[in-house]
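A short worksheet on the structure shown next.
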Amino acid sequence: MVLEKQFGEADARAALPHLKFDDNKFTRGMCELIVGGPEFPGAGVLASLAANSLAAGYVTTYTWKDAARAIRAKQPSIVVRKPKEFLTRDHTAAPGKPKAVVIGCGLSPDDEAAELVLAALQVEVPLVMDGGALAFMNRADVKEALVTRAKNKFPTVLTPHAGEAARLLKAEAERCAEQESLFDTSDPSWQWVHERGEQYAAADPKADPAQAAALIANAYGAVCVLKGPDTYISVPGFVQESDEHTVLVVTEGTPALAKAGTGDVLAGTIGSFVASGMALEAACSLGVFLHARAGRLAGEALGELCVTAERVLHYIPKAVCSLA
Ligand SMILES: NC(=O)C1=CN([C@@H]2O[C@H](COP(=O)(O)OP(=O)(O)OC[C@H]3O[C@@H](n4cnc5c(N)ncnc54)[C@H](OP(=O)(O)O)[C@@H]3O)[C@@H](O)[C@H]2O)[C@@H](O)CC1
Ligand SMILES: Nc1ncnc2c1ncn2[C@@H]1O[C@H](COP(=O)(O)OP(=O)(O)O)[C@@H](O)[C@H]1O
């Protein structure tokens, strides 16, 4: 049974990290982003600026020409490198110097992105997968890498909207159907895999988002942030109806957020908190809450029809101050 628990203002206030007197940019955490492909540079700019506006002390973006130029012009404090450099650099986190990688905002499903996604999955720091990175989830090598990360306790976050969530569930239902064919129908394993496959095939992210988030989290061994009018955050652990599993829900959102690019701002926001070393569920919930509050504040100030992703970004500091 999936239970829903509200993550509201008091929870966000309690989760908000505070700086230490002797913090430096490295102890605050490094957020590395692989975002902003040639087709969608804007998504990379939005995610990078959001990551640099919050907890992380050091933001490095691996990106292509157009996004690189825009990021350098808008926030020169962000270090910008070429995508290929991600493949050769060391991404290990030293003790007391937390790190996270965000991948996918504005990536197209091509071979170059696939190589970067597979490389990011090998990195032994928390990984946030959004947008274009979620398009690779039906690949066997990507699923295998996710399972290995989960086994080795390297945390992963997936941030699908309802359309992406439906594709993640379908991919898992198809995997179950493949596995099922390896067993005789009289084998108890067949029954177990068959029932799981049916559960994934029947799940509907719009009709029952809490259950969909719980199933995705379990299938991919990752925290699932299922975005929508309300946003649901589930850690892995829910396998069958007899399990009691709690999913957090943030209801602070506003339809003013239904605008291209706001999801990219959210990915950077979450990435910044994850990079600061916060526990994953708290980092995701706090990020979702502040992003929603920023959308709400922007709507109040500017009229909800006029909210853009850029304006959500602009209101993030005010959202943080609203918790003080
Ligand atoms: N300025 C930039 O650079 C921007 C760049 N961006 C970046 O571009 C990349 C591609 O993203 P995108 O926006 O082109 O399409 P994407 O979200 O993959 O949708 C594909 C299909 O999914 C569905 N679907 C979508 N939303 C849904 C929902 N809520 N609920 C249910 N279904 C939903 C819908 O399918 P349908 O329902 O029509 O079958 C839709 O056609 C990605 O990397 C992103 O980061 C964007 O962030 C925008 C700003
Ligand atoms: N009707 C709505 N009410 C509240 N929040 C919404 C609504 N529609 C979208 N959002 C929020 O806006 C963001 C959209 O993200 P996403 O669909 O990934 O857009 P994009 O890929 O264009 O950045 C998510 O955080 C989602 O929760």
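Glycine residues also receive a Cβ, built from the backbone N, Cα and C atoms like all the rest.
Given the structure is predicted, the values throughout are model-derived calculations rather than measurements.
Feature annotations, courtesy of TrEMBL:
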- 8-323: domain 'YjeF C-terminal' (DOMAIN)
- Ala43, Gly106, His161, Asp264: (6S)-NADPHX binding site (BINDING)
- Lys227, Gly228, Pro229, Asp230, Thr231, Gly263: AMP binding site (BINDING)
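Among the binding-site residues His161, Pro229, Asp230, Thr231, Gly263, Asp264, residues whose Cβ is positioned under 6 Å from ligand 2 are identified as His161, Pro229, Thr231, Gly263, Asp264.
Only Gly263, of the binding-site residues Pro229, Asp230, Thr231, Gly263, have a C-alpha within 10 angstroms of the C-alpha of Ala43 ((6S)-NADPHX binding site). Taking the mean position of the Cβ atoms of Lys227, Gly228, Pro229, Asp230, Thr231, Gly263 as the AMP site, the remaining residues of that chain whose Cβ falls within 8 Å of it are His161, Ala162, Pro209, Leu226, Tyr232, Gly253, Leu257. Across the fold, the C-alpha of Thr231 (AMP binding site) and the C-alpha of His161 ((6S)-NADPHX binding site) stand 9 Å from each other. Cα to Cα, Gly106 ((6S)-NADPHX binding site) and Asp230 (AMP binding site) are separated by 23 Å. If you take every residue in the domain 'YjeF C-terminal' (8-323) and average the pLDDT, you get 97. Of all residue pairs in Lys227, Gly228, Pro229, Asp230, Thr231, Gly263, the annotated binders of AMP, the farthest apart have Cα atoms separated by 13 Å. Of all Cα pairs drawn from Ala43, Gly106, His161, Asp264, which the record names as binding (6S)-NADPHX, the longest spans 15 Å. Here the candidates are the binding-site residues Lys227, Gly228, Pro229, Asp230, and by Cα distance the one nearest Asp264 ((6S)-NADPHX binding site) turns out to be Lys227.
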